[in-house]
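A quick write-up on the structure given underneath.
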């Protein structure tokens, strides 16, 4: 197998595994702040108990996220040396900002949160919890800014020529607020919120089904469901805005996402299959739906892949199409699930629907899948460019690394990450099965 393909497989493996954990941390951080805030405002101790319980699980996701994230930085230098040299001024600035302003805030405040229970005033403990949450969000901001610059470069000049060429920042804020960064930050944040939200919903649905911690779980489920309904709807809005941005800034990516080959008014596919060889897409579609979504009419042409030479088109059009549509389908299902559950909550019938609680138990996996396939669609849709219109993926590889070395690394990472994932599931299950400590929960909780 070619060195480039193996290097891409290794990076996909390591980044996909890493990305299980930061979204959980961001989503759990949001709910920790909400639970602590309710406790601070109402004095109801059960919300402090919930915050304490979920802080323990947050610390687990945070630790593994940090450990697996460090690998990324070394991987840039080992497998993608040309890329590292080309974007070092850009990427290095964003990563430095992430470390100084985000990770330092998050890790410092987490220490205060973990060791400050019953030792500092509740308001200071709340502010520390807020610092953890803001730090985790800020980490996402700088990473997404760096990636967005690769998608839509701005605020730079290219210095040097050939193998010595590199991008140099000329306008820091233009780099930060490049054409795709704001839309993508909002979309990533909301996907992360939903990952944490559905973990909380899953665990408390399981407690309700088992008849454990019933009253406190009802309170946790109610609050989390309301928050989840809001963000599932907001995710739809941010997703639409992101799609409009892709259509404007990377039209060939959107064409791949919708299997759109000819420049003409375009259909919107609900699901289907792309025949790349014959340049045709089969499936269930809304006639001219994509045109209407982008231009609010049914006649404006949408740029197709026919406007680009073969060497500049995404190579795996069907894969991009499938990943994108899986993400959309999951997002729509989560909207339907949370809105329906909220309606039952309003009617006072939610906790009688055991079948629905079982769905929530298993729905924890859906935001994770949605986050992963969304990134797959975004990154595969950018190909053959690692930096859009500036540097091809095939030109970004390290010249010294061999296919055999990368294959060995893939095998090693697969073994290590499998062990790490098993350990994570074991520790997570142990904390959940142990449950909420009785001395932290009132025997009887009234609304």
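For all residues, glycine too, the Cβ spot is worked out from N, Cα and C.
TrEMBL lists 20-41, 53-74, 94-117, 124-145, 188-208, 220-238, 323-346, 355-378, 406-428 with the feature transmembrane segment.
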How about the transmembrane segment (53-74) and the transmembrane segment (406-428): do they have 3 or more C-beta pairs under 8 A, pairs 6 or more apart in sequence?
yes
In terms of Cβ proximity under 8 Å, which residues at least six beyond the ends of the transmembrane segment (124-145) contact it?
22, 25-26, 29-30, 32-33, 36-37, 40, 51, 55, 58, 62, 94-95, 97-98, 101-110, 112-113, 116-117, 175-176, 178, 181, 184-185, 188-189, 192
Sequence-remote partners of the transmembrane segment (220-238) [C-beta within less than 8 Å, at least six residues beyond its ends]
30-31, 34-35, 38, 50, 183, 186-187, 190-191, 193-194, 197-198, 200-201, 204-205, 208, 331-332, 334-335, 338-339, 341-342, 345, 350
